[in-house]
């Protein structure tokens, strides 16, 4: 009996991996219980950092790898505290390996014993070590256990004289100004349009995306726009789509600081396809996300797409 030939499956080329648009940065927040770590983490979150609370020490190197490799995460902050237990003893050694993976800063928070006692009294929450000992003894024990970590910290903040708002302002001043203030000086608009209805008059930069496969010729996609998940997935499935988004994003991140230095306060980037329904819409959305991740103030406008 003759052997039946089997058809070989067609293997599609993998889409190129998105490049990092900004240098990676990891901030590790640690310190005494009641010193304000939750408030500081919230401040980093408001600055656009990807935030994680109470990650096990043994997972920190893996998280550092993620921050270093992921195009979606440029800046991250995580909290490590006494809840980790004996794992904290390994933190100084872990930090040495993490610093070889990604730029890292350790922020150590502390406060006077009297202030910590008052905060625990006001919140009526037990100290993490206070199940079998008084709060004051727990604070003293925690201070001793965290002493080796305090020695390797890049920044120490005594929160005794700070309220929540002042502590937030301090974090914004130390970590937010250099990274976000200049970015906020310019408003970026990503506009999608159709060439059928003409080119936007206010476009500073214009890109023709009609070289991408057109979903209009796929009957099931015709009623929808590039914002529909299935349509967007279809357009992204082509290697040239990801290559274009990667290259355009890199170009824009290079150009924007130069526009800012010349005093430009807004920039309109237009992406055009035939009807302004599918390809240009999807590209404008994806580029907007990339620029927002890089810290810029970005809005998206779909001129010719149904609202």
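Heads up, the Cβ atoms here are built off N, Cα and C, so glycines get one too.
What Swiss-Prot records for this protein:
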{"type": "BINDING", "residues": "31, 32, 33, 34, 35, 36, 37, 38", "note": "ATP binding site"}
{"type": "BINDING", "residues": "81, 82, 83, 84", "note": "GTP binding site"}
Open item on the list: Neighbours of the ATP site 31, 32, 33, 34, 35, 36, 37, 38: Cβ within 8 Å of the Cβ centroid, same chain, sequence order.
Closed with: 81, 109, 110, 111, 159
Open item on the list: What whole-number Å value do you get for the CA-CA distance of residue 32 (ATP binding site) and residue 81 (GTP binding site)?
Closed with: 7
Open item on the list: To the nearest Å, how far is the Cα of residue 31 (ATP binding site) from the Cα of residue 81 (GTP binding site)?
Closed with: 6
TODO: Specify the count of other C-beta atoms within 10 Å of the C-beta of residue 35 (ATP binding site).
DONE: 25
- [ ] Determine, to the nearest whole angstrom, how far the Cα atom of residue 34 (ATP binding site) is from the Cα atom of residue 81 (GTP binding site).
- [x] 11
- [ ] Check each residue in the chain of residue 38 (ATP binding site) that is at least six apart in sequence and keep those whose C-beta is under 8 Å from its C-beta; list them in sequence order.
- [x] 53, 79
Open item on the list: Please report the distance from the Cα of residue 81 (GTP binding site) to the Cα of residue 33 (ATP binding site), rounded to the nearest angstrom.
Closed with: 7
Task: Candidates 35, 36, 37, namely the binding-site residues, that fall within 10 Å of residue 82 (GTP binding site) by Cα distance - done: none
Task: Neighbour count (Cβ, 10 Å) for residue 81 (GTP binding site) - done: 20
Task: In three-state DSSP terms, the structure that residue 38 (ATP binding site) belongs to - done: helix
